[in-house]
Each structure stands twice: as structure tokens, then as C-alpha cells.
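Following: one structure in C-alpha cells, then a few remarks.
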Amino acid sequence: MAFADLLEQVGSTGHFQIMHVTLLSLPILMMASHNLLQNFVAAVPSHHCVAHTNLSGHLLDPEDTLLISIPLDQQGRPERCRRYTHPQWHLLHTNSSKELEWENEENGINMQGCVDGWKYNMTEMTSTIITEWDLVCDMRSLKQMGQTIYMGGVLVGAMIFGGLSDRFGRRVLLLISHLMMAVAGTCAAFATSFSLFCLFRFFCGMALSGLVLNSFSLIVEWIPTRVRTVVGTGTGYCYTTGQLILAVVAYNIRDWRWLTLAVSLPFYVSFLYSWWFLESARWLVLNKKPDQAVKNLKAVARMNGRRDEADKINIEMLQQSMKKEMSCSQISHSVLDLLRKRTMRTITVCLSAVWFSTSFAYYGLSMDLQKFGVNIYLIQVIFGAVDIPAKIIVTVSMSIIGRRISQCAALMLAGITILINMLVPYELQTLRTSLAVIGKGCLAASFNCCYLYSGELYPTVIRQNGMGWVSMMARLGAMVAPLVLLIGEAVAWFPGFIYGGAPILSGIFAYFLPETLATPLPDTIQDKEEMHTIQHTIQLQ
């Protein structure tokens, strides 16, 4: 590929690339905080109805007041969503929970909802959106709706930002995404109603898609083929580190408003320094802006200490070396180009399955930490830490045996682990949690692989459209995941079966993707078709 030669000429792994990749990776540290924020700002504390206060002048201690006001559940704890219509004084003389249950059934005591509100146990947190707007009992489904709306924003953002950045450039859309994330996150922290909170979280989701798509493209399009695996893994570790940062920040900030603000303010800083970024020279050349492309390449050469090479670069040289790519770019491209050619159609269908199932199972495991019965701060650290060995293993695997087999193996292992977990008795919480952690690590490895793999499979002229499409499929999977949990209330085994079956099925789809290990980054659809033909011929021989 001609541009690869130009990049080597101006310095492909110099000071510019180091600073460029580092600054683009820093905001990724906070992306996990927004994706997984719901685990903390929407944590559900133990709760029950407010006890009766009209006790006709009787002075009772809190335990007795609760006893005559709130019935007990099968575990002997106060029920969450019901209380006695009137105080039941005779229960003060009943000795056991079984006797209390018998008394309730025998006497047909009337019950009512929590008409005076709820009492929350706030030992773990000072405030959550659950306690702020009483999203419990009949309103408990709104908790999942909040996360679904956020993922809906990520979905819409993937649809919008993918096409816009191919048209207007990566840098401009990245700036807009940083500012949108900062402003929307700040507004969500000061929301006065649940509806406003969901609205601003929707915009946060949109901004996150813009950040992911454009940061990844700017990284990939300024580095050479030989370091793509290492750099891609490094940015993946930024997201892993972000999960650990979230646990620490959430542990120290127990109020949901301050926590939301704390994970949003850093994006004001990244917005300011993002003005320094140079637009992708690949994009500039293929969008008829050779003057700016030459200017950017000269700037890169100077930053990398190659001033002599900078003086050699001119428009004629650039146009001559990228003649084929520029002629192919005269054709306007759209999302439909992802499906027109057989090679691109195969890639798009298979990647859609991979991204959907990876995200579907990942967020199915990660977005309800309270179900594991372990301290949510501890389980967040464990879930984040497992990514470290998982990504090391998949990085080595991608570099030695290739992207395709690594992608297949990560998905298959994740699915098998989740299905095995279905057979473990519920009482063995430690074993169940350990299997879930292993499954989550495999899914994290799959994410790490498919981000790099997808960027290498799609050519430059439609890379953003392609990444936008697969990102949209991932967000669709993340949106569907909570709905499966709701079905699980009626059929207990259903969520585990679906969360485990989806990765195994998509692992089969991944097998039909072409290998990209040690292959140059394609600039045009024609490049990709030619590369696929060569690979197919070699396989036949």
C-alpha cells in the first residue's frame, strides 16, 4: 500500500505516534466509567415500606414499630413492597416468623402498598437514583430502562458518527464527541427528574460512540501495520484500567450526583487538548484534500526529527504514490457498500454476529453485579482485573496464530463457561462467581480482538461506516441483554442459555472471516477484494 511507504518516510513510530496514541487513549480510561456507571448510581439498597406513624400515642422502639407495620417474607426479612393497612398490635405477642406468617394467613390481614414511601438502608451509599426517585416495586423496571436508553444513545451515535466522520473527518467529530460527553454528563449529574437523567444519559451514549469510533480510526490510520496489535491491546488496557478506576472512584464517592460529575469532568480536559490532533492523512488524500495531507505529513516528519524527509514531500509526490487510491475514492461511498461486494458482505455479516453476541453476553454478565452476592466494589475490581491476563493471552494469540482463530476461541470459551455455570447449584456462589469471571475475561478478550480485527478488515474509504455498523450491532446486543434478564424472572435457566449460546454461535461465524495477520491496511474496496482473492488462491494451493 502506497501510504504505508509514505508513513515510513516521515516516521511511523516516532515521537508523534507516541504522543498521538497516548493522548487519544487517555479518555478511554473514563469510557468504562460511563458504560458501567449504572452498577453504582443505580444500586438497589435493601428497603421496605415506611412504618406506620399513627400509633395512637403508643411509644414503641423501632423494631416493634416495624413488626406491627411490615409483614415478613420467607427469609424472615421485612417485605419490600407491602405493609399492613393498619398496625397489627397482636403481633407484639407472637414469638416466631412462622407464627407471624400463620397469623397473617389465618386472620386474612389486609395489606397495602408503600403509600408513605420507602425506608432505605443507606449504609453502603448515601444516594442513588433508586432512592432519589423511588425506582422500586412497581417502578423497578425503570432501572433497566435507564441503562437501555443509555445504550440506545450509543446505538444512535454509532449510526450517526460513523457516516459523518467519513464525510467530515475524524478530528472534527472527535472534538464534538468530547464536548458532548462532558456537557451531557454534567447535566445528568444535576438532573431534577428521572426523565431528564435518561435524556442526558442518552446523549452521553451518543458521545461515547463518537469517541470510540474516531479515536480508534485516528490511532489506526497513523501507525504502521507491524505495531497495530500492540497499540490495539494497549488501548484495550486503558478500558480495563478504567474499570478499576471506576471501582476506586465509586468507593470514595457514594453520592450518585457527585459520582456522575466526577466521571464526566475529565472530558472537558480531553476536549481542550484534542484541538492539537492532526486529521488522518489517509482520509484527507481520499477526500480530495491533498494540500492539507501534505501539510500534516510534513508536521509529522518534523515532530519525528526527519526534516529532510519533510522537505521532499509535495502534492505531486503524494498524488503519484496514491494514484490508484485517489482514483478509487472518486466514487462516493455509503453503508450500502458494506454489502455490495461478496467479500465485504461476508465480512459485514460475520462481524455483525461477533459484535452483537460479544456485547450481548458481556453486558449481561457485567451490568448486574449485585446478583453475585459479593461487595459490588470488590466484584467490579475482580471483573476489571480479569481483563489483564485475558488480553495478554489474546494479544500473544493474535500475533502468533492470527486474528481469526483467536476470535473464534475467545467466543467459544466464553459461551462454554457460561453454559457450564448453569449446571452449578445456586448455593455454590464462589464457584458460580469464578466461572462468571472467567467468562467475562473471555468476552473482554473477544472485544479486544474484534476492535483491532474489524479496523483491519474494512478499507479506509468505508472504515468508519463499517466500524459504525458493527458498533451499532454491539449496542443493539447491549440493549437486548437487560430484556433477557426480565424474561429470567419467569424462566430461571433462560438467561444463562442465551448468554452462553450466542457467543458459541458467533464463534462459528468468525471462522469465515479472512485472516489479517501481517497484512497491509487496505485503503479501498478494490484493495480488499484483491487481498481476499490472493488469500483464497494461497489457501487452494
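Each residue's number is its place along the chain shown, starting with 1.
From the backbone N, Cα and C atoms, a Cβ is placed for every residue, glycine too.
Since we're looking at a predicted model, the values are computed, not measured.
When the ranges 26-45, 346-365 are checked against TrEMBL, the one recorded as transmembrane segment is 346-365.
Same-chain residues lying 6 or more positions outside the transmembrane segment (259-278) and placing a CB less than 8 Å from one of its CB atoms are 20, 23-24, 26-27, 29-30, 33-34, 37, 40-41, 171, 174-175, 178-179, 181-182, 184-186, 188-190, 204, 218, 222, 246, 249-250, 253, 296, 299-300. Panel annotation: around the transmembrane segment (236-253), residues 25-26, 28-33, 36-37, 39-40, 259, 262-263, 377, 380-381, 383-385, 387-388, 391, 444, 447-448, 451 of the same chain, lying at least six beyond its termini, place a Cβ under 8 Å from a Cβ of the stretch.
Each of 346-365, 377-401, 408-428, 466-487 was scored by its Cβ pairs under 8 Å to the transmembrane segment (148-165), and the highest score goes to 466-487. Nonlocal intrachain contacts for the transmembrane segment (466-487), taken as residues 6+ away from its ends with a CB within less than 8 angstroms of a stretch CB, comprise 141, 144, 147-148, 151-152, 154-155, 158-159, 161-163, 205, 209, 212-213, 216-217, 335, 338, 347-348, 351-352, 354-364, 367-368, 450, 454-455, 457-458, 494-495, 498-499.
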